[in-house]
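Only one structure is covered here, and it is reproduced in the block below.
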Amino acid sequence: MIKKASLLTACSVTAFSAWAQDTSPDTLVVTANRFEQPRSTVLAPTTVVTRQDIDRWQSTSVNDVLRRLPGVDITQNGGSGQLSSIFIRGTNASHVLVLIDGVRLNLAGVSGSADLSQFPIALVQRVEYIRGPRSAVYGSDAIGGVVNIITTRDEPGTEISAGWGSNSYQNYDVSTQQQLGDKTRVTLLGDYAHTHGYDVVAYGNTGTQAQTDNDGFLSKTLYGALEHNFTDAWSGFVRGYGYDNRTNYDAYYSPGSPLLDTRKLYSQSWDAGLRYNGELIKSQLITSYSHSKDYNYDPHYGRYDSSATLDEMKQYTVQWANNVIVGHGSIGAGVDWQKQTTTPGTGYVEDGYDQRNTGIYLTGLQQVGDFTFEGAARSDDNSQFGRHGTWQTSAGWEFIEGYRFIASYGTSYKAPNLGQLYGFYGNPNLDPEKSKQWEGAFEGLTAGVNWRISGYRNDVSDLIDYDDHTLKYYNEGKARIKGVEATANFDTGPLTHTVSYDYVDARNAITDTPLLRRAKQQVKYQLDWQLYDFDWGITYQYLGTRYDKDYSSYPYQTVKMGGVSLWDLAVAYPVTSHLTVRGKIANLFDKDYETVYGYQTAGREYTLSGSYTF
């Protein structure tokens, strides 16, 4: 880890705090430029969520964590474990880069977008979330933003927890971190979660057969990590985790064919790294291997039957990153190498698939008087579509003490996914989708209120679409996204308030029609307080109107889905210094709504849990 004092001295800027549960402006983040830096020096809007926040919200899924954050719009085909999509600032679900400990999530390689309904919440110790383009640092996918899920635990100790809730939900978790001598620590975790679920209905998406069954979810997780400090400057780590999930869902049925309504996902990841943390120079070398097997099958025949489908991908990654303190800032440079291989049949591709990508990048951060400058440039060499370059730049001006104006511009891209390139309807000549983004923002501290308001525009070209006549994918689509985002956090006596507002106008630039499944407006409000040792929390979310497709008849019709206001209530009580009990009511007023047309949401749900630490 970087020594905090040296970087704070090099980047000594006025403290501005973005929307986050951890409101300290000097909170260190690693996602912006791959090395730790104070959040106040990151000019892009940044949110940090800690494990303490997740426990206070009593979230049982990663999607429940992310839905609370500015700019995020989550859609899901029902309840726990069902297919979900993340839209950030109106961009496509495939325009979000999801990292696990700084390494690209493997599952995103098969489908082209990350489905975090499958990722275990037990592994999440911290989330760093950056909005806006970041391809100049990370390469493909980082058009709407970057979500970095960090699994490293900060504090030693052991925790045993259990929870129960509606729809026969149950969860059991054991985790421990122990110091072995002065220089070595080990972390272990095991988690089991299961819910019977409910019938998501899937109106218009099941073919000729109604499927009036519960659509449940089961997840089993193991995690282990070993960290060692060789000297004050040199350290290394090895970690691995895996999860085994089963999801029941409502599938499309064709008469005379098996009903593939069960999903079985196996995923494992292994990382190893070596870090050098000097006073002026920082360097890290990280290697990673991940392997996922994703079955969809009819449980009457089993996942090895010829009717079943299998998406299998292996991902190999090597990252070498370096950072040098220069003046009142730093310069960074590095190389990424990634190889993805698939087995025949993955993504409906008959043959096996192998794709390599090598990226080199340069980043810079510097303070000059009242100005802060940030920039990055990157070149990717891909075995499929050749070389592609991206860049971004930002400038911040503290025009009055405690108030800052920020202007930024960046380019980014999304590489075509496996099915689009080599599937039955694939086109190997596809180009990457490209984005140009502008943003202007004011932020400051006024009468105890940390606030930020920004306006942005994102023009996306060469969008990949499907042609009903040629039965092929092609580059032609264009999107124009305009938006306003406002965030604030403040205290009034014992009450802590966190609020955000998003207005997103995301349209097809050719037809001027709204992009599907994006809420035009969102309001999010979190209120926390303590009363007689009880920790209370109220969460409010307003989801505005959105459009979707009704697939129950042909030709498909566009439908308008009305807005909804949702409330959650959570409370926790420390029975002793070691034992805490928690309870939560989600969707307090039992609102009936959908985020994907035809797929029901859960309605009111209750959970009760307890944790014992020692």
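Placement of Cβ uses the backbone N, Cα and C atoms for every residue, glycine included.
If you check Swiss-Prot, you'll see Asp215 and Thr470 are listed on the same side of the membrane. Swiss-Prot lists transmembrane segment at one of the ranges 54-70, 88-104, 309-325, namely 309-325. Which of 74-83, 204-213, 434-443 counts as transmembrane segment depends on Swiss-Prot, and there it is 434-443. For the Ca(2+) 1 site, Swiss-Prot gives Gln211, Asp213, Asp215, Asp250; the one candidate out of Asp199, Asp232 that the record lists there too is Asp199. Look at the topological domain 'Extracellular' (510-516): DSSP puts its residues at 0 helix, 1 strand, 6 coil.
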